[in-house]
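What follows is one structure encoded as structure tokens, with my remarks underneath.
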Amino acid sequence: MNAVLRHRLLWPAVVLAALLLTNLLFTGTFFAVQMRDGHLYGSLIDIVRFGAPLILVALGMTLVIATGGIDLSVGSVVSISGALACLRISGMDDQNTVSGVVAAAGLGLVLSLALGVWNGLLVAGVGIQPIIATLILMVAGRGLAQLITDGQIITVNSGPYKLIGGGYWLTLPFGIIIVLAVLALTAVLTRRLALGLLIESVGGNAEASRLAGIRSRGVIIAVYTFAALCAGVAGLMISSNVSSADGNNAGLWIELDAILAVVIGGTSLAGGRFSLGGTVLGALIIQTLTTTIYSIGVPPETTLLFKALVVTVVCLLQSPAFREKAFHRRRRPVTAPPAAEEKVRVPA
Amino acid sequence: MSVLVAGRRAVPRKYVPVLVTACLFAAMFAAGGLRYDSFATGQVVLNVFIDNAFLLVVAVGMTFVILTGGIDLSVGAVVALSTMISASLVTDQGWPSPAVIPLVLAIGAALGWAMGCIIHYFEIQPFIVTLAGMFLARGLCYTIGTDSISITDETYTALAQARVDLPGGMSVSPSVVIALVVVLVAAYVLHYTRLGRNVYATGGSEQSALLMGLPVARTKIAVYTISGFCSALGGVLLSLYMLSGYGLHAVGMELDAIAAVVIGGTLLTGGSGYLLGTVLGVLVLGLIQTIISFEGTLSSWWTKIFIGLLLLVFILLQRLISVRRRT
């Protein structure tokens, strides 16, 4: 029981449960999941399905934040990858050929990959502070996406492309399957191999880990590339779901939601440790919040206030200092919160 | 100790980033002057000040926060909230402007104070607290109204149209004067008062500052209050510049302010940087905008790409020069 109470994901889970229960109060059939035409339908499935792009972006962001960095450019990468794929598909004679769609999606992902390497080189190679290094691509990337779409909204009418974000496979929405696959891959890579440890050590102290024989630069470039790749996949999903690419608005401010998801999930922005499960929980909380706003009928003018309220509550609940002050709990003997970590900034 | 020789005089290393920024700004201005007619005039520089007076004030507040190692994402939203409150009170409710402006400033400072308290006492990361603050302030804007409210109050319009004449046929708006006063006061506070010392000490190492007996709590809460106050003042200046209040004013201004502070050579980890750098950072961003407007024919997406490229070139040069100087 104590182990459950002290688990670091307890409070995010409590908030998610509370949000879901609120929905249940307003909509009695909220938890119902039906099988219709061989597809699973239901509000819970919808939350995961519409939250899939955010979960993906947040997974990439988790690893970047674990190295003590931050990636503001993911929103732009989302719009670029969707724009390029849609442009390619709209130029095809037959938009329904699978090979053509795969090539177009691949093209979008390759460009995302290249943008991620670019970010990584700016941070690790040149030594620019991550927030500024990725701000460059955040600003220029929006322009790039609009350049690709020529300022228009490109619409496509392609069955195979629609599958990525809007289709079903094995009774589940395809987006959920992609998320599960990426999550499993990331979890294996970081928790079964030494990679996770390396990432955390670079986040703890890049210079010390370099002296210990870790290729800090390589690790940093790898995480930014991974973040951009995740964003690229999310971009394909978002554009596929609406069958169009909007260079201006696709993925707008998704970077803030992703960072929020990561932090709600208990990953410190100072770097040095991360929690993939926490990130998924965080992203689900944000998506559930959006659903809740619609289902309980919060007026559109006050949605942001509502969001601010929930975010504040989640963060307060997660803060040991707040819980101690608010609930007068006994001081825990050994596991006092670690003091503000001394971080020495060195050019990696 | 860490002194390097530039020309004949020895320049302490701590001034190098600011100096590099200053030189690059001058180079950029010269390049603009060579490329465009009537660019290299004093009035162009003054126009950069006029068009960015509000950003300058906001960036000054941001400098305080970043010097302590924190960050404030709420500034853009607080600016928008200030314009919205001013406009709705002045236009819709008919309040006199001498009552509205202090009220707006107090609201901004109170928001900052509240965020500072949450950050310090509940040990929540500033990024998240101020992000929630951003949602809150934007949300409040929309609860006041979703449309743009124009300001027709005489004091506001008079202030907006007034010009302070300078020698040589040049002029600036009163906003610039206010912004410069804010910069001077802030520079005095940072370098000649206890609060300033505490800000640098807290940013250098919060733990050490605490062990030295410095009032870390008061300092941290103070910087967020200052930032909130500066954002509200920036909002007042923006409502003078735009003569309207709107919930979508100043979207993304927090990023501009952070970029200005960082371009000015301040480290996001805190403890190192100068206010002069921030002023130069704002000027660089403003000059980039000016160059683009002189270019004239760019479509909106090329503008964004161009801003990104100029920012990149600037940061790369700054980085290269600083690294070469160090070795």
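Any Cβ shown, glycine's included, is placed from N, Cα and C.
A TrEMBL annotation is a machine prediction, not a hand-curated record.
Listed in TrEMBL for this protein:
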- A:9-35: transmembrane segment (TRANSMEM)
- A:47-65: transmembrane segment (TRANSMEM)
- A:72-91: transmembrane segment (TRANSMEM)
- A:97-118: transmembrane segment (TRANSMEM)
- A:130-148: transmembrane segment (TRANSMEM)
- A:168-189: transmembrane segment (TRANSMEM)
- A:219-238: transmembrane segment (TRANSMEM)
- A:250-269: transmembrane segment (TRANSMEM)
- A:276-298: transmembrane segment (TRANSMEM)
- A:304-322: transmembrane segment (TRANSMEM)
Original post:
Out of A:9-35, A:130-148, A:168-189, A:304-322, which stretch touches the transmembrane segment (A:47-65) the most, going by CB pairs under 8 Å?
Top reply: A:168-189
**OP:** Determine which residues of the chain contact the transmembrane segment (A:97-118) at the Cβ level, with the cut-off under 8 Å and only residues 6 or more beyond its ends counted.
**Re:** 73, 77, 80-82, 84-86, 88-89, 137, 141, 158, 160-161, 164, 221, 224-229, 231-233, 235-236
Subject >> Interface check, the transmembrane segment (A:304-322) with the transmembrane segment (A:9-35), three or more C-beta pairs under 8 A >> reply: yes
Original post:
Do the transmembrane segment (A:276-298) and the transmembrane segment (A:219-238) share at least 3 Cβ pairs closer than 8 Å, excluding pairs fewer than 6 residues apart in sequence?
Top reply: no
Original post:
What residues in the same chain, six or more past the boundaries of the transmembrane segment (A:9-35), come closer than 8 Å to it by Cβ-Cβ distance?
Top reply: 41-45, 171, 264-266, 275, 277-278, 281-282, 284-285, 288-289, 291-292, 295-297, 310, 313-314, 317-318
Original post:
By Cβ distance under 8 Å, which residues at least 6 away from the ends of the transmembrane segment (A:168-189) in the same chain are close to it?
Top reply: 35, 38-40, 45, 48-49, 52-53, 55-56, 59, 63, 195-196, 226, 230, 233, 237, 241, 276, 280
